[in-house]
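Taking it in order: structure first as structure tokens, then the write-up.
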């Protein structure tokens, strides 16, 4: 039996809160360090815990998607982040979006009410901080925006660090949207049917003018000591546009499934606006994360039909993201190879996304809690969403890159299927493996596990090769809207 009576967790974001709650409920005395409100990163502004920065969407809630499947696994394992998300969700079609203020408030209330957690609101600028010395385990869950001091301390321990940029989409006031042009509706919805998004249609001339202005707009320059690398799922809109004039039309601006009520025809492009809160007083411009200068953002995005008078509640911005080369520096239990007392959790490990970060922190908490009970918790199989994500952190590659949950991380199906059948079969197989893992690992689900419901799932899963290597072809990692 491993002796873990005290733990110090640096960072009270999604991963840190998940891990802290697991350990506290296992009887560990947890000190949870959070530098807000004494200090804020360039992208944070809310003093509450679990603040969502890049978007208020946790992406698809459909279990026939990688992230939707991961959400279901987390719900069954008792995730506090999923509890908060389900309690504060706002309409967003097939996606799970939340009122981000209520979401953070929910998580903060749960953490503050947990008797086993002591919340210390101060910055930990070094892994040599005296407050960490007496802890049996130290968990670094500082997120993608770890402070300079902590980043330097971690870099010294792992031999270096990498940077890339996450870009934030602008948010505009609802009352400034011209509803004689923008219309409510979801992709493939019936004409006139109210949907979860507002949609701004563009004809060819309007799109071409917007595209040229976007390419010519002045951007915030990168610092000369930072290497710029973009993760596909949060790429700045201007960087995506540089790939070619039609990239946006086949990407975030794709018009498929929409009819412009003014013309009765499909527009050349569609820009979607997603509600930021339950009252729908503000909307973010979906897929338009950007590093344009503020004045340029106003000039360019007001070219979108319906947004000529847009009032910017928050401009888009860019922030640094820090992560380690997990296969090289982390052991399978997420401890540092250089110091087995120090563990990493969340986005700093190389998982990408809100849900994935929370899942990572949740899993680490489960692993350490099991050790207190004298057992090693087996990792879920790679056919599951959680197992595939953890396998990504363990698989050595020449150029390790962050990844979100997607079916491309899983072993191949091992049989030929039509494209439309592929995702339901991956999901059905994952459900079968996850339920079996729960029983074999002795993990009691918090809610009744959802069993496979795909047509012919029982026959298909029996024919699937479960020993295959990780598929080389990955599904697109960018969030699917509407």
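If you go along the chain as it appears here, the first residue is 1 and each next one adds 1.
From the backbone N, Cα and C atoms, a Cβ is placed for every residue, glycine too.
Quick look at what Swiss-Prot annotates:
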type: BINDING; residues: 11, 12, 13, 14, 15, 16; note: FAD binding site
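Overlay of Swiss-Prot feature records on the structure.
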| residue | record | CB count, 10 Å |
| --- | --- | --- |
| 11 | FAD binding site | 30 |
| 12 | FAD binding site | 28 |
| 13 | FAD binding site | 31 |
| 14 | FAD binding site | 34 |
| 15 | FAD binding site | 35 |
| 16 | FAD binding site | 31 |
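Taking the mean position of the Cβ atoms of 11, 12, 13, 14, 15, 16 as the FAD site, the remaining residues of that chain whose Cβ falls within 8 Å of it are 9, 17, 18, 19, 49, 50, 141, 142, 143, 345, 346, 357, 361. When secondary structure is read from DSSP and collapsed to three states, residue 15 (FAD binding site) falls in the helix class.
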